[in-house]
Amino acid sequence: MKDSILVINCGSSSLKFAILANAGQETLVEGIAERLGSDESSITFKFEGQKNIIQLEDGSHKNAVAHIKNWLSSHPIIESSLAGIGHRVVHGGENFSESALINQNVIDSIKECAQFAPLHNPAHAKGMEVAFELFPGLPQVAVFDTAFHQTLAPEQYLYPIPMHFYRENHFRKYGFHGTSYRYISQRLAQIAKGSDQQGVLVAHLGNGASTCAINKGLSSDTSMGITPLEGLMMGTRSGSLDPSLLSFISQAENISADAALDILNKKSGLLGVSEISNDCRTLEEAMESGDPRAKLALDMFAARTAKHLASVATTLESIDHLVFTGGIGENSSYLRQVICNHLKALNIGINSTLNENAPRGETINISSDSSNTNVWIIPTNEELMIALDTISLIQH
Ligand code: AMP
């Protein structure tokens, strides 16, 4: 039966992929092509518990997809089960409020949004063109990180700058991690009946991190903006700060505004403050061995996450649920605890024993008895969402 979906997440120098079967419930094979565009590119396949790394003789995106096709020809049962391809797309601008069956117009619209995601959108468009060339018979679907946030009201998505920048240049908040938030909202509705009619806060905390308020199933505010730089402090991104700093940094270092922006995107956040690493796990280990810089970076991360949770909560009528997800949200009991300590005024509290002993990879309620809000850990699953959207759109 044809029900497998090839999920592709095509970045500028990497291409992650997975083939999901059985309505997205089963991952048959997954992998990543890395360092594309360089002489040292490789592609890794993880299949039946084995990892196989192949050096790529030509580090183009096309060659990476060609290797996936080759792999499929030597696994004909999986090849014949393929029903379609789903692509993750970072920026859909105002053109896409839901996933879309890909045709040339869709590819052109994705290229149009490239001004706001110059590293990602051209790579996504390339991935789609290459996939059409190598898998000519297969329908393809685009799933956008921004789409879920198209329900924000103008007072939330507009920046208080002259309106012609919105009218002529489309400068506004778009928000990201939408596929993860949509998954969490649907998953929560399965385990907490009625939550799709309530107020939900979600902290998606990974190397990129953001918060979202979901009012009756719809995104009502989110911390990221026109790009994923706004909002929380992240692995290497500063998050929100006084925009004057951009000019001060470029003067202090005698560099252009773009180079200063690069510092805010790539050298700030956990990495910039700790001067050790952008990786939460590494910083927790450093903190445990007594490094005060690691503790300061983690505590700043927690304080700013709490602030941005409280901020997006202003669009809700009540805070019935708070969900932690993403690599950090799912795994760091320290950060969950400190974040919730900052939310005491909102009457949000967690049970520290449940928090510390939360089993990895499972959905669990960690609220304290006195908390007004149900606090959850829910592992996110963006690939599943992409596979399900693909199945649903290709069946129409
Ligand atoms: P993501 O971008 O969602 O894959 O998340 C990556 C982040 O999750 C990195 O900062 C990791 O250090 C962090 N992370 C993963 N596992 C753990 C863990 N067990 N404890 C603390 N942080 C973790």
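Each position is counted from 1, following the chain as shown.
Heads up, the Cβ atoms here are built off N, Cα and C, so glycines get one too.
Note that TrEMBL annotation is computational and uncurated.
Predicted, not measured: the structure shown is a model, and the values here were computed from it.
According to DSSP, Glu382 (Mg(2+) binding site) sits within a helical segment. Annotation source TrEMBL lists Mg(2+) binding site at Asn9, Glu382.
According to TrEMBL, the feature ATP binding site maps to Lys16, His204, Leu205, Gly206, Asn207, Gly208, Asp279, Cys280, Arg281, Gly327, Ile328, Gly329, Glu330, Asn331. Annotation for Asn207 (ATP binding site): spatial neighbours Met234, Gly235, Thr236, Asn278, Asp279, Gly327, criterion Cβ-Cβ under 8 Å with sequence separation of six or more.
In the three-state DSSP reading, Arg88 (substrate binding site) counts as strand. What TrEMBL records for Arg88 is substrate binding site.
Asp145 (active site, proton donor/acceptor) falls outside any helix or strand according to DSSP and counts as coil. TrEMBL lists Asp145 with the feature active site, proton donor/acceptor.
According to TrEMBL, the feature site 'Transition state stabilizer' maps to His177 (among others). With a cut-off of 8 Å between CB atoms and residues at least 6 apart in sequence, the same chain places Asp145, His204, Gly208, Ser210, Cys212, Thr222, Met224 near His177 (site 'Transition state stabilizer'), listed in sequence order.
Per TrEMBL, the feature site 'Transition state stabilizer' maps to Arg237 (among others). Around Arg237 (site 'Transition state stabilizer'), taking its Cβ as the centre, 26 other Cβ atoms fall within 10 Å, counting all chains.
Nearest neighbour of Asn9 (Mg(2+) binding site) by Cα distance, taken over the recorded positions Arg88, Leu205, Arg237, Glu330: Arg88. Take the binding-site residues Asp279, Glu382: by the count of other Cβ atoms within 10 Å of each Cβ, the lowest one is Asp279. Neighbour density for Glu330 (ATP binding site): within 10 A of its CB lie 21 other CB atoms from the protein chains shown. Of all the recorded positions in the list Arg88, Arg237, Glu382, the shortest Cα-Cα distance to Glu330 (ATP binding site) is found for Glu382. When Cβ neighbours within 10 Å are tallied across all protein chains shown, the highest count among the binding-site residues Arg88, Arg281 belongs to Arg88. Checking the recorded positions Asn9, Lys16, Asp145, Asp279, Glu382 for a CB within less than 6 Å of any atom of ligand 1 leaves Asp279, listed in sequence order. Here the C-alpha separation of Lys16 (ATP binding site) and Arg237 (site 'Transition state stabilizer') works out to 22 Å.
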